[in-house]
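S.K.: Relevant sequence annotations retrieved from Swiss-Prot are reproduced here:
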| type | residues | note |
| --- | --- | --- |
| BINDING | Cys9, Cys12, Cys15, Cys19, Cys76, Cys79, Cys82, Cys86, Cys107, Cys110, Cys113, Cys117, Cys146, Cys149, Cys152, Cys156, Cys177, Cys180, Cys183, Cys187, Cys216, Cys219, Cys222, Cys226, Cys246, Cys249, Cys252, Cys256, Cys325, Cys328, Cys331, Cys335, Cys366, Cys369, Cys372, Cys376, Cys394, Cys397, Cys400, Cys404 | [4Fe-4S] cluster binding site |
| DOMAIN | 1-29 | domain '4Fe-4S ferredoxin-type 1' |
| DOMAIN | 30-57 | domain '4Fe-4S ferredoxin-type 2' |
| DOMAIN | 67-96 | domain '4Fe-4S ferredoxin-type 3' |
| DOMAIN | 97-127 | domain '4Fe-4S ferredoxin-type 4' |
| DOMAIN | 138-166 | domain '4Fe-4S ferredoxin-type 5' |
| DOMAIN | 168-197 | domain '4Fe-4S ferredoxin-type 6' |
| DOMAIN | 207-236 | domain '4Fe-4S ferredoxin-type 7' |
| DOMAIN | 238-266 | domain '4Fe-4S ferredoxin-type 8' |
| DOMAIN | 276-305 | domain '4Fe-4S ferredoxin-type 9' |
| DOMAIN | 314-345 | domain '4Fe-4S ferredoxin-type 10' |
| DOMAIN | 357-386 | domain '4Fe-4S ferredoxin-type 11' |
| DOMAIN | 385-412 | domain '4Fe-4S ferredoxin-type 12' |
Amino acid sequence: MIVVNKEDCIRCGACQGTCPTAAIEVTPEDVIYCDICGGEPKCVDACPTGALKIEDLVVDEAGNTQGRIVFNPDKCNECGDCVEVCPPQILKLDEGKVKKIPLQGFCVMCQKCVDICPVGVIGVEGIKEPAKVELEIEGPIFIADCVGCGMCVPECPVDAITLEKVGGVIEIDEDTCIKCGVCAQTCPWNAVYISGKKPEKRAKEIRKFELDEEACIGCNTCVEACPGDFIVPKSSNLTVELPAICTACGLCEQLCPVDAIDLDVELGPAKPASEEGLVWDEGKCDFIGACANICPNDAIRVVTREGMKLPDNEKVDEEPSFAMCTRCGACTMACPKGALSLVDMDKVIDGEVVKRKRVQYNPALCDQCGDCIEACPYDMLKLTDEKVPLKGFCILCDQCIPACPKGALSLK
């Protein structure tokens, strides 16, 4: 069966793009895949018509075998029993669609995911162990094996990152950096580590990834530049083949000498990265939104499981999410008038009085230029028509903590 080292996975999604049966799904939080239930697939047992069965497949020259799931669509009555019992919930019926194969999500042991993984974290049990990344992260800012794609540079809210040359190595100004972690969450190759942590990845959608074959001259610059070897040369017509899904770092597009590659990537919002003051525990959050509704300054935004964006009470077609002001200070550095500042306030934590940062706003100094809104890495700030024209910054009032029924918010 397929095994995945999720901890070191860079969430590029190349495995998902190459899987012929949609048996692997990659999200910023997890990698969900068919592991054939350890050799005893529940879907096979549940199928009342015998449309699903397991058989052994020889996978190497030594004659070692692995189980694979075989699906016969002629026997399938689309009852959905297999979908109901699937532990990782990867099996799906394409109901209402005219398809020769109505069921997706079962592993046929083709090993295409193993072959395409750019960091080798997908393996086959007993045959090939998934790679493990051994890193000694040193200091609050740590850069390892940067490919020089520059994807993080425009995302930095305080312009602390520079890249002298595409394909080189980024530099981060430690005096300017506010440790918000947006660069680490954005980096498609897990090359940046802030505050000693492995980053949670941002959601990412490849809206366009196209090759102009008439413009392409077959120089293979993109093939040689791609850190993941995703691009395949086509010598027969002097072009290349782009992957269905990859890290979308953009090196190929930037280095193409004839501008034959067009890549458009939409990044999802950054996740709150804070270890002091108000801290969010993603594992406990149930995306109810009580915290967002009670916050007096709209410094928390929640999309509930029912698709309501709070506190705006707006129905949206989005996955459940949580965002908040982390008091990172990006807005205070961007404000040209000094209307925003980070100030210390006393807080009692575990019986001890400690200093914690809050955002302080002086509306008399604000000219409503919007520079702070542009700088906010979490897209929290907004201008209003009220007496206090700016909202979205955390004043550390703590009202959200008791409002959360799951205990997902706390002071640290």
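Numbers here mean position along the shown chain, with the first residue as 1.
Using N, Cα and C of the backbone, Cβ positions are placed for all residues, glycine too.
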S.K.: Among the binding-site residues Cys9, Cys79, Cys376, whose Cβ has the fewest other Cβ atoms within 10 Å?
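M.R.: It is Cys79 that, of the binding-site residues Cys9, Cys79, Cys376, has the fewest other Cβ atoms within 10 Å.
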S.K.: Check the binding-site residues Cys156, Cys331 for other C-beta atoms within 10 angstroms of each C-beta and report the one with the most.
M.R.: Cys331
S.K.: Under 8 Å Cβ to Cβ from Cys249 ([4Fe-4S] cluster binding site), same chain, six or more residues apart: give me those in sequence order, or none if nothing qualifies.
M.R.: Val147, Cys149, Met151, Pro188, Trp189, Pro227
S.K.: Residue counts in helix (H, G, I), strand (E, B) and coil for the domain '4Fe-4S ferredoxin-type 12' (385-412), per DSSP?
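M.R.: The counts are 4 helix, 5 strand, 19 coil.
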S.K.: What is the Cβ neighbour count of Cys216 ([4Fe-4S] cluster binding site) at a 10 Å cut-off, with all protein chains included?
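M.R.: Other Cβ atoms within 10 Å of Cys216 ([4Fe-4S] cluster binding site): 20.
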S.K.: Any residues 6+ beyond the ends of the domain '4Fe-4S ferredoxin-type 12' (385-412) with a Cβ under 8 Å from its own?
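M.R.: Cβ under 8 Å, 6 or more out: 275-282, 284-286, 288, 290-300, 324-327, 331, 339-340, 345, 347, 349, 356-361, 363, 366, 368, 372, 376.
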S.K.: Tell me, please, if the domain '4Fe-4S ferredoxin-type 8' (238-266) and the domain '4Fe-4S ferredoxin-type 6' (168-197) are in contact, taking contact as 3+ Cβ pairs under 8 Å between residues separated by 6 or more positions?
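M.R.: Answer yes, regions in contact.
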S.K.: Around Cys113 ([4Fe-4S] cluster binding site), which residues of its chain at least 6 apart sit with Cβ under 8 Å of its Cβ?
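M.R.: Looking at Cβ-Cβ distances below 8 Å from Cys113 ([4Fe-4S] cluster binding site), excluding near sequence neighbours, one finds Ile2, Cys15, Thr18, Cys19, Ile24, Tyr33, Ile122.
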